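Some features that Swiss-Prot has for this protein:
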{"type": "BINDING", "residues": "VAL11, ASP32, ARG37, GLY76, ALA77, VAL115, SER116, ASN117, THR140", "note": "NAD(+) binding site"}
{"type": "BINDING", "residues": "GLN79, ARG85, ASN117, PRO118, VAL119, ASP120, ASP145, THR146, ALA147, ARG148, THR226", "note": "substrate binding site"}
{"type": "BINDING", "residues": "ARG150, HIS165", "note": "beta-D-fructose 1,6-bisphosphate binding site"}
{"type": "ACT_SITE", "residues": "HIS172", "note": "active site, proton acceptor"}
{"type": "MOD_RES", "residues": "TYR217", "note": "phosphotyrosine"}
Amino acid sequence: MKVSIFGAGRVGISIAYSLLHTKIADEMVIVDIDIKRAEGEVLDLYHSTPFLKRCNITAGNPHDILNSDFVIITAGASQSAGESRLSLTKRNVKIIRQIAAQIKKYSPDAIVINVSNPVDVLSYVLWKETKFNWRKVIGTGTILDTARFRALVAKQCGVSPMSVHAYIIGEHGDSELLVWSNATIGGVSIKRFCQFCTNKNCTPLESLFEQTKNAAYEIIEKKGATNLAIGTATAALVESIYRDEKRVWTVSVFQDNLYIGFPAILGKNGVEKLVPVKLNSVEKEAFERSKEVIKKYIKEGEKSEREESSSN
């Protein structure tokens, strides 16, 4: 199985490293405009293969992604401290368009996973430019936001994160929302569970959600980038699709003519179906507002591209 990754930065290499530990890839190609860095990262990664399954890892050019089973995109300008993900739009849309053309040319049958931010906007651009079936173009969406919230709740409540079931949907960013009406711990409403919690130092659930929303900003401020958790999450996505596990993930998927974070069942061909999550009236309104935020930035990205084209 062949995986190609655009971007040899911290996120791209964290994904590659996590993928090595899944032991599913026979071949891996790392593509970056800084070929020297890509070669150095590949050499470092290759030295770990004696401890894992053998994998042919190379630093390459776009044509080296030929006939990939998966193409993962992490390339683009990175998010600065305090910067909104959506403010990255104009800088990254052009890069994604160039990559889309290369994927379409060399790996037209690949499943494409976009990690670059703003992930919802860029996943839409990627789908539109490749003209692939939307089921095979997936953004990481709110997969990490959902995981962060589950981890925070699990730590506070003294349970396994795997026993916390809650979805964060919408934009991977400031307008995302938590589906409180469906959030449970061990099948019990999360708010009901907390009524019987013996932890006397509990942080209010709403505050945990705010911590989740601000987690990336905090990590960027302290260490410069988020890379380890998203590396693990992306590798888990690839593995679950490759193994046809039919797992539910909150990923950025196509609906209502945009890409947005929503629970979906993923199988060997990509998105199999969206989970019919029932939202209450407040959640529906918040979800619609999040859609409008994404639509706004899609329009801005398209506008900037038209202006650039007309000036050339």
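Placed from the backbone N, Cα and C atoms, the Cβ positions cover glycine too.
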> Near ASN117 (substrate binding site), which of the recorded positions ARG37, ALA77, HIS165, TYR217 can be found within 10 Å, Cα to Cα?
Replying inline: ALA77
> Just counting, how many other CB atoms are there within 10 A of the CB of ARG37 (NAD(+) binding site)?
Replying inline: 15
> At its widest, how many Å does the recorded NAD(+) site span between Cα atoms of VAL11, ASP32, ARG37, GLY76, ALA77, VAL115, SER116, ASN117, THR140?
Replying inline: 25
>> Can you tell me the CA-to-CA distance separating THR140 (NAD(+) binding site) and VAL119 (substrate binding site), as a whole number of Å?
In response: 7
> Around HIS165 (beta-D-fructose 1,6-bisphosphate binding site), which residues of its chain at least 6 apart sit with Cβ under 8 Å of its Cβ?
Replying inline: ARG150, ASN182, ALA183, THR184, ILE185
> Out of ARG37, ALA77, HIS172, TYR217, which of these recorded positions is nearest VAL119 (substrate binding site) by C-alpha distance?
Replying inline: HIS172
> Could you tell me the C-alpha distance between ALA147 (substrate binding site) and ALA77 (NAD(+) binding site) in angstrom, no decimals?
Replying inline: 24
> Closest to ALA77 (NAD(+) binding site): which of the recorded positions ASP145, TYR217, THR226, going by Cα position?
Replying inline: THR226
> Of the recorded positions listed here (ASP145, HIS172, TYR217, THR226), which is spatially closest to ARG37 (NAD(+) binding site) when Cα positions are compared?
Replying inline: THR226
